[in-house]
Amino acid sequence: MPELPEVETVRRGLADRLSLFEIERVEVCRSRAIASSGGVAAFLVGLTGARVGTWSRRGKYLMAALEPNRGIWGVHLRMTGQFQWIEEPSTPCTHTRVRFWNANGHELRFVDVRSFGEMWWVPPDVELTVGIPGLARLGPEPFSEAFSAPYLKRQLKNSSRPIKTALLDQALVAGVGNIYADESLFSAGIPPLTPAGRLTLAQLERLRSSLVEVLTTSIGAGGTTFSDFRDLEGVNGNYGGQAWVYRRGGEPCRRCGTIIRRDKLSGRSTHWCPTCQG
């Protein structure tokens with residue numbers, strides 16, 4: 001699933017490409033892609049004729065302000081959702097779910113192989129967290145002042161769950177997934193199986209700082225591509241080649257030479273170095 005850096009990369013691409021994009025026509029090819037109240041019919045009414053304004057991101061959610069005063073267009077890519085910018089008319093692929101055109105015939109196409117991606121239209125008189133309920137459950141952004149070592153200490157007090165599992169909890173911190181949980185724990189020198197409640201304030205500060213650094217580096221590299229992720233222009237993310245541990249199970253650690261372990265934790269593959277994180 002695309003995580004914060006990949007979603008931020010998409011947000012930046014959409015902000016560049018769709019500046020003043022006026023939606024002349026919308027086609028929903030798969031109705032389950034529309035998750036908002038009112039379904040496809042309301043979604044079509046809400047977006048058709050609107051001008052796309054500022055794009056924002058909250059965790060793994062994308063949101064565009066629709067102008068003038070037309071509400072919010074929300075998107076979650078889930079496992080395999082991706083946007084494609086099409087300037088010349090072309091036949092959509094089998095996995096095309098939603099299509100948007102402007103008056104010039106340029107198309108924004110939403111393609112989703114696994115079909116878990118979702119879109120919402122939130123009317124201007126509806127609270128955003130009501131229109132997109134998942135937003136209400138999100139914890140602070142990793143780059144925010146609210147995400148601090150004392151915050152983590154309070155939230156994880158007496159918690160026996162592994163710190164890797166805790167980092168995947170979107171209610172603790174928004175936008176982190178398997179890739180950057182593994183990478184930040186390696187950078188902080190913390191074993192992923194450590195009970196979260198046992199971490200000291202100093203360790204939590206190291207983890208916070210490491211997470212911010214790893215996410216910043218990945219955003220600068222355009223995110224990570226291991227399977228389906230592409231940016232708006234179809235370009236792969238480049239962070240994967242820089243990864244210290246993620247998907248490197250059985251290979252030598254780039255830092256110390258110890259073989260990277262790959263364990264299952266809460267059903268997720270977890271990669272770590274027994275020496276650097278010992």
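Positions of Cβ are set from backbone N, Cα and C atoms, glycine also.
DSSP gives Pro2 (active site, schiff-base intermediate with DNA) a coil state; it is part of no helix or strand. Taken from Swiss-Prot, the feature active site, schiff-base intermediate with DNA covers Pro2.
Swiss-Prot lists Glu3 (among others) with the feature active site, proton donor.
Taking a C-beta cut-off of under 8 Å and a sequence gap of six or more, Lys60 (active site, proton donor) has these contacts in its own chain: Met1, Pro2, Glu3, Leu4, Val7, His76, Leu77, Gln170, Ala174, Gly175, Gly177. What Swiss-Prot records for Lys60 (among others) is active site, proton donor, and it gives sequence analysis as the kind of evidence.
Annotation comment: Swiss-Prot describes Arg268 (among others) as active site, proton donor, evidence class sequence analysis. Counting every protein chain shown, the number of other Cβ atoms lying within 10 Å of the Cβ of Arg268 (active site, proton donor) is 15.
Annotation for His95 (DNA binding site): same-chain Cβ neighbours under 8 Å, separated by at least 6 residues, are Val111, Asp112, Val113, Ser115. The annotation DNA binding site is assigned in Swiss-Prot to His95, Arg114.
Residues annotated as zinc finger in Swiss-Prot, with sequence analysis given as evidence: 244-278. Residues 162, 164-165, 168, 178-179, 182-183, 185-187, 189-193, 224, 226 of the same chain lie 6 or more positions beyond the ends of the zinc finger (244-278) yet place their CB under 8 Å from a CB of it.
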Drop a 10 Å sphere on every Cβ of the active-site residues Pro2, Glu3 and tell me which sphere holds the fewest other Cβ atoms. Glu3
Cβ contacts of Arg114 (DNA binding site) (under 8 Å, same chain, 6 or more positions away): Arg78, Met79, Thr80
